[in-house]
Amino acid sequence: MKKILVEGGHLLNGKVRVSGAKNSAVALLPAAILADSDVSIEGLPEISDVYTLGDLLEEIGGHVSWDGQTVHIDPAEMIDMPLPNGKVKQLRASYYFMGAMLGKFKKAVIGLPGGCYLGPRPIDQHIKGFEALGAEVTNEQGAIYLRAKELTGARIYLDVVSVGATINIMLAAVRAKGKTVIENAAKEPEIIDVATLLTNMGAKIKGVGTDVIRIEGVSSLNGCKHTIIPDRIEAGTYAIAAAAQGTDVTIDNVIPQHIESLLAKLREMDVSIEEKDEQLRIMPQKPLKSVDVKTLVYPGFPTDLQQPFTSLLTKAVNTGVITDTIYSARLKHIDELRRMNASIKVEGGSVIVSGPVQLEGARVKASDLRAGAALIIAGLMANGITEITGIEHIERGYEKITEKLNNLGANIWREDMTEQEVKQFQNL
Ligand SMILES: CC(=O)N[C@H]1[C@@H](OP(=O)(O)OP(=O)(O)OC[C@H]2O[C@@H](n3ccc(=O)[nH]c3=O)[C@H](O)[C@@H]2O)O[C@H](CO)[C@@H](O)[C@@H]1O
Ligand SMILES: C=C(OP(=O)(O)O)C(=O)O
């Protein structure tokens, strides 16, 4: 097992290139199940979630070959193989096998997903959608069984705006008979990316990016080539790191509009930002002012940047309040930041960060992906060395994070954990 070590205090400057979007990639790969011929996806991030999904596609008979960041998927020999256990539990997005296999084979058995524990993460809206399309859905010993004689288009109102439910219902509905309308749909850029792939495969989808998506089912879908969008959460993480510890950092391969809510907050904090077509230049020149942040569905402030942003607020003058309206229990980074000398209170679901404080290096644990990013950013600002365990979470979502930060001037590296550290880590 490895840990990450960060020696704080080094200033960041230079250029960092953003990888393909994790939350698109993890839906695009399962979407390939729906095609009858080869699907190629370019620009995939080299992260463990992507490789886990590639393995799952092989488990159901897909031929998957990698050429750097491009994957070729031949779905011709895929079958409706049950996946009740195993790798489906290593990540959240295995739930997209439900929609894609239901669409293609009219049946699927998929174990309940894993992914970051952010408090309860129900999938009732996914199931409501599958049932509306005509599937019988049961939970048998922790695996979801889906069976349908045929899928028929339906009008589905989502009670909660959900990225996963919107994509999953779309995956099944493109192969249903007739028209499906998803109301109160989520509008995240990753949903548009998945719809673009499906449209290139021959699906008929209108309204993505608005809260009403209309789908006219088709009887077959062909293969195609697709290039993934850049990862707005990775871009946002580097923007926050640059605001925290940078002098002049250029973030390349970013769609600035996808992180407008973050950029607005950074500007309120007095960070100077230049926006170009596919680049951002972050130049913190003055002491940072605290701000309040409330996470919301897109285009609001993303919950996935809430934890890294908390680290940044420790450096800002005055008190900032963060409220996560999507995952109110996404707070596992707080105790770890306190170990590093942060002054943070949690009151009635809000996180109150007082600053500025000088963070101190400490031994901390990343208990989820963005908690890991928050601790790395804190480590960049801290005095001395910060040791971060639990880095398998970080590797689910950040491609080459140590290499990218070192190129910006940080001093961050991976090391093997000692036997004793592994034992202590596993008992925690
Ligand atoms: C792989 C992926 O894309 N993960 C992202 C996706 O997760 P995920 O798709 O799981 O998140 P959702 O958008 O579905 O969740 C939003 C909210 O709806 C609730 N909910 C969701 C589904 C459901 O059936 N019932 C229900 O109550 C959730 O508990 C949460 O409070 O969007 C989240 C919110 O932007 C991000 O944090 C994750 O990074
Ligand atoms: C919560 C996240 O991922 P997942 O939904 O895959 O657990 C995330 O990307 O921050």
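Glycine is treated like the rest: Cβ placed from N, Cα and C.
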- Message: Of the candidates R92, R155, R281, which one does TrEMBL list alongside R121, P122, I123, D124, Q125, D304, I326 as binding UDP-N-acetyl-alpha-D-glucosamine?
- Response: R92
- Item | Residue, out of the binding-site residues R92, R121, whose Cβ gathers the largest set of other Cβ atoms within 10 Å | R92
- Task: Could you measure between P122 (UDP-N-acetyl-alpha-D-glucosamine binding site) and C116 (2-(S-cysteinyl)pyruvic acid O-phosphothioketal) for me? Cα positions, answer in whole angstrom.
- Result: 13
- Item | Long-range Cβ environment of D304 (UDP-N-acetyl-alpha-D-glucosamine binding site), under 8 Å and at least 6 residues apart | I233, G236, R370
- CB < 6 Å to ligand 1, subset of recorded positions R92, C116, Q125, seq order -> R92, Q125
